[in-house]
Every structure is written in structure tokens, then in C-alpha cells.
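Report on the following structure.
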């Protein structure tokens, strides 16, 4: 049976016992509103570790002043049932006051990797991410931690943070889980209207177009980006905020593609801002 833990003290006590028993710990940090993408990460952890822990914490530090912190979906009962259905051992579900008794005096800065793409669109977002992830790593002390490739920039930043701060943690990037029509699973998909949901499938289709151009020999980023943007303009009513090609995981913008890249896009619908990407190995 999955145990719900709400305090740092209790979580640390459990972790100390697990480490004393030399049991391996897998960890999936989440903000709740669990979907099949989260469940895939949990299943991988269950296969690779003795104990699997997830956190459910809507971190206020990573939301901007006009973002959806207050309306972000929260359903701890439903989330617990989903986690229990796959066999998760512990859910760490602290309150904001438990995690931040007062505003943090010291916050981490994600640096150059956060100055592009989502970081440029959402200033301070990745600073909040690395601050809370670093804090969670210090509490849970996992051997492996799992992050979805849908947030590829976040994955690259967390990997760099672990390297820079010498966390003894293996970071595992998990492939995007998609709906049958290709839309990436996301907690924010529930915000889409019926028509927007129909249009949203074209985010993935536009990425497939970009990938096809690459596979057919196109290496000029500007041409791939234009074709992708033109496709999105024709097939969606959303505002196209980003279509970009960067090296991965270095996150350096590419004009002429040479090595591994990721093609990233963001489209803003009426109440949902969706992101998606494809990573292409060089």
C-alpha cells in the first residue's frame, strides 16, 4: 500500500532506514495531476529500484505572476489512487509552508541554460525548478531520478545541476508518452477546448515534418523552422510562441545543424500553453 508522507522529518527518517538497509531508491518529482507519462516513469523506477518514491508538490517558485499557480489542477486523492495502482511505495506531499516556512533566503540560478527557449519566455521559471529539485534531492536522496523528455530543457538543466553540485544521483530521461493521435500527455491538456484539442495534434505533426526534412538531408535551421512554423500557422489557431532548434544537451542555438539537436516549440491556446519537442541524435 502506498504511504502518504507530508513532513520532511518523516521522509528523512524513512530514507535513513532505507539507506541503512542498502535499498535502492528511485524518485519521480511531480506537481501532481498525474497522467500516463508520470505512470511510465513510475513503472521504470519500480523495475530498476527496490523502492519508488514520488513527490507531489506544486512549487510556487517556478510560476510567474501571470501564470496558472492558483488554477493548476490538484487532486491528491486521484493521484494517490494512480500511484497506488502501479505500486509506488511512498508519496511525499508536503505543504508550501512545510517546504518554505518563509521565503527562501537563498535561491539557485539556472544560468545560461535557462536564458533561452522556455527560460526566455518564463523568466525565473528554471531558477524555481532547480531550487525545489535541489531541495527534494537533499530530502529524498535517491539513487536514480526520472524526468520526462517532454520538458527537454528542464532535463538538460537538472542534469547539469546534478553534475555541478556533485549529487550522487543518476538522472534518467524518459521518452514522451503521447495520446493515440500524437499529442504529448500533459497536465495542462485539460484546459483545451474541444476545437483546440483537435488542433493540438498538429504540434506533433509539425515536429514530424521537421524531422522528415532533417532525415532528407536539410541542415539549415532557418528552413526547417520556417516550414514548421508555416505548418502550425495553417493548422492551428493558437499563438506560435516558439519554434527553435538547439544543440542538445548544450542548448546552443543552431544555424547549421551539425550534432545532436532538439527541435522545440510552444503554442499558446486560449487557456493552455503547450510545449513539445523531438530530440534528434547526431
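Yeah, the Cβs are placed from backbone N, Cα and C, and that goes for glycine too.
Annotated features in Swiss-Prot:
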- 38: active site, proton donor (ACT_SITE)
- 31-38, 148-151, 177, 185-188: ATP binding site (BINDING)
- 62, 154: (R)-pantoate binding site (BINDING)
- 62: beta-alanine binding site (BINDING)
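Other C-beta atoms found within 10 angstroms of the C-beta of residue 37 (ATP binding site) number 21, with every protein chain shown included. If you draw a 10 Å sphere around the CB of residue 177 (ATP binding site), it holds 18 other CB atoms from the protein chains shown. Annotation for the binding-site residues 31, 34: lowest Cβ count within 10 Å of the residue's own Cβ, 31. Most Cβ neighbours within 10 Å, among the recorded positions 38, 149: 38 holds that distinction in the structure as shown.
For the pair residue 177 (ATP binding site) and residue 154 ((R)-pantoate binding site), the Cα-Cα distance reads 17 Å. Residue 154 ((R)-pantoate binding site) sits 14 Å from residue 31 (ATP binding site), counting Cα to Cα.
Cα separation, residue 62 ((R)-pantoate binding site) to residue 34 (ATP binding site), rounded: 18 Å. Around the Cβ of residue 187 (ATP binding site), the same chain contributes 31, 32, 33, 34, 35, 72, 73, each under 8 angstroms and 6 or more positions distant in sequence. Counted within 10 Å of its Cβ, the other Cβ atoms near residue 62 ((R)-pantoate binding site) come to 21, all protein chains included. In three-state terms derived from DSSP, residue 31 (ATP binding site) belongs to neither a helical nor a strand segment and is classed as coil.
Note: the Cα of residue 38 (active site, proton donor) and the Cα of residue 149 (ATP binding site) are spaced 11 Å from each other.
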